[in-house]
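Colleague: Have a look at this one.
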C-alpha cells in the first residue's frame, strides 16, 4: 500500500529511496515574488528614451528648413518646424486655434507658447511611439523668445535633453531677399516685405537674446549661413560629426 512517501524495506529496515513521490507543494511567498519579478521583467514594455533635441535658430530666410532636410537625410534626425506645425494647425477647419494663429503669423508676432509647445510635444510623442529609436529631433524656429524658453523649461524639464543650438547666422538683407524670392512660389502670407520687416525686428529683439543666453552656456554652434547651400551644409556636417 502506497503512502504519501514510498519507502523500500531492505533487511527489515525502512530506508528512504533515492527519490520520493510527494505531492507538489505550493510555492511560498518568496518563490512567488521571484516568479512575479521575472515575469514582469520579461514582459515589461520597452521604456521610451528621452528626446534629444537640437534647437535650430536664425533669422527668416537663413536657410534653416533647407539645411534641416539635409541633416535628416544624413544623420537620421526628425525635423519639426514650429512654423510649419503652426501653419498646418491654422489650416485645419476644426482647429480651435486657427484664427488666432493666423493673426499672430500675419502680424509677424510670436504665437503663444502653450500652443507651440503642445504641437511640438504631440509630434515628438507620435514619432517615438511609432519607433522608440527615433528620439533625435531638430526643432526649427523655437524657442523664439524668453516666454518660449520658460514655457519649454516648465513643460519639458526632465522630459527632453537639449544638446545645443544650431545657429544660422546671416545678414538681414540677404535673408529678406531670399524670403521675397521664396514668396513667389511659397504662397506664405508672411513672405512679403512688410511682414518680413516685422519678423526681422522680432528676431533681433526676442530671438537673438535667447541665442546669446545659450552662447554664454557654451551651447551654441554657429554657422555662416550667407554661403551657398552646399558650403553651409559642409560646415553643418563638421558640427554633427564632432557632436556625435
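Cβ coordinates come from backbone N, Cα and C, glycine included.
Just so you know, TrEMBL annotations never went through curation; they're auto-generated.
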Colleague: Which of these ranges is annotated region 'LID' in TrEMBL: 159-169, 170-180, 181-191, 192-202?
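Modeller: The range carrying the region 'LID' annotation in TrEMBL is 181-191.
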Colleague: For residue 141 (ribonucleoside 5'-phosphate binding site), what residues in its own chain, 6 or more apart in sequence, show a Cβ-Cβ distance under 8 Å?
Modeller: 56, 57, 64, 81, 82, 83
Colleague: Could you check which of the binding-site residues (110, 148, 188) sits closest to residue 182 (ATP binding site), going Cα to Cα?
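Modeller: Going through 110, 148, 188 one by one, the Cα closest to that of residue 182 (ATP binding site) is 188.
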Colleague: Using the alpha carbons only, what distance in Å do you get between residue 148 (CMP binding site) and residue 110 (ribonucleoside 5'-phosphate binding site) once rounded?
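Modeller: Counting only the Cα atoms, the answer is 9 Å.
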Colleague: Given that the record lists 61, 62, 63, 64, 65, 66, 182, 227 as binding ATP, what is the largest C-alpha to C-alpha distance among them, in Å?
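Modeller: The two farthest binding residues have Cα atoms 17 Å apart.
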